[in-house]
Amino acid sequence: MKYSAPRGTRDILPDEIYRWQYVERVFAEVCRQFAFSEIRIPTFEATEVFARGVGGSTDIVRKEMYTFLDKSDRSMTLRPEGTAGVVRSFIEQGMSSLPYPVRLYYNLNLFRYERVAKGRYREFHQLGAEAFGAAGAMMDIEMIALLHSFFKRLGLHSTALHINSIGTPACRSEYNKVLREYLRPYETELCGDCCERLAKNPLRVLDCKVDHCHEIARNAPRLLDYLDTESAEHFAALKDGLTALGIPFVIDTDIVRGLDYYTKTVFEFVSENVGTQGTICGGGRYDCLVEEMGGTAVPAVGFALGEERLLMEMAAQQLDIPRPTPTDIYVAPMGENAQWKAMCLINQLREGGIVAQTDLCGRTLKAQMKFADKIGARFVLVLGENELTSGYAELKNMQDGSKTSIHWEDLPHNLNLLR
């Protein structure tokens with residue numbers, strides 16, 4: 001039987017993994033500069049964590065979760081997003097006792113059963129961050145500044161920051177009444193999902209990707225016009241802070257985000273490149289979620305960005321990603337005695353930080369030289385009986401063909417020859 005990866009999943013092979021590692025390393029470095037600490041959470045949680053944390057009216061909970069019963073008949077779900085699990089951990093591990101704001105970042109693989117498309121998988125990867133305990137717009141600005149710094153480090157350009165406010169639950173409740181009244185005449189024209197959303201959470205209609213529903217929503221009353229004083233002042237402070245930091249932004253009233261837990265600030269970084277338009281990352285504030293999940297009331301803000309989407313954008317912009325160091329030296333032994341000497345030599349070189357290989361397959365010298373060329377070895381050192389007897393060998397530079405006679409046993413003490 002021939003096996004293949006499940007639909008919507010993929011193997012990330014060595015010739016591309018370095019791109020992922022580079023993005024993840026830069027993200028971790030920027031997060032540390034902003035005083036964030038990494039958190040790792042379980043791959044699956046009790047289903048209720050996501051039903052409660054993400055929101056029962058969202059497409060994620062209604063249609064896209066990988067849910068199963070464990071051997072004790074408990075309902076478990078592979079994590080479809082990161083925030084709910086991080087909030088659960090924040091509560092369970094007593095992190096509310098830590099100095100505020102508590103700053104956490106993560107690098108997760110996630111799972112959603114959705115339509116497979118270019119850059120969209122059923123197992124996908126997100127980089128994200130969450131901050132707990134700071135209620136003001138300054139924390140929102142800090143999160144956006146982190147992303148702005150990250151994109152700058154990557155060399156990403158042609159991305160625009162879009163911001164909006166969806167207010168507090170109180171003013172959103174009032175707005176939902178107005179929105180329902182606007183949408184009622186179009187009820188027969190809405191898609192099936194939006195008809196259901198109209199009854200449960202009409203704000204979700206504004207997030208529908210069906211073209212006809214989107215056209216109807218475009219002329220809906222703006223939530224920004226129904227903000228209470230608290231939300232309006234928060235949004236004004238956000239705009240002032242971004243302006244002070246020199247981070248350009250666009251007010252986009254279409255942004256409501258696809259999760260129920262957001263309050264006040266929501267934002268997205270959007271690609272403006274032809275052919276790759278779309279959201280690169282998004283986030284916002286969720287001041288009620290910790291309490292809704294059983295903790296004490298703690299304000300919070302966070303974001304997540306899809307690695308697949310980000311790497312597609314970087315490729316479209318032809319951004320240079322440094323490749324990993326190739327094999328610095330290949331030691332080619334001839335004979336059993338030379339084989340053991342070669343093994344000892346490469347282990348010494350590795351301890352000095354050199355990437356070294358030797359023959360492990362019993363190849364002829366000719367085959368070894370071909371292999372060294374295929375793997376891109378920068379240098380080759382041949383060890384045979386003559387070299388073992390004399391103590392000298394030729395170090396061949398595979399890039400220019402030059403050769404240097406060296407005392408091969410001293411090579412670990414002269415690593416500059418391989419730099």
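Using N, Cα and C of the backbone, Cβ positions are placed for all residues, glycine too.
All TrEMBL annotations are machine predictions without curation.
A C-beta separation below 8 Å, combined with a sequence spacing of at least six in one chain, links Q126 (L-histidine binding site) to E81, G82, Y106, N107, L108, L110, A304, L305, G306, E307. Look at TrEMBL and you will find E81, G82, T83, R112, Q126, E130, R257, Y261, Y262 tagged as L-histidine binding site.
Per TrEMBL, domain 'Aminoacyl-transfer RNA synthetases class-II family profile' is recorded for 1-326.
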Restricting to the chain of Y262 (L-histidine binding site) and a gap of 6 or more, list residues whose Cβ falls under 8 Å of its Cβ, or answer none. I166, V256, G284, R285, Y286
Indicate whether T83 (L-histidine binding site) is helix, strand or coil by DSSP. helix
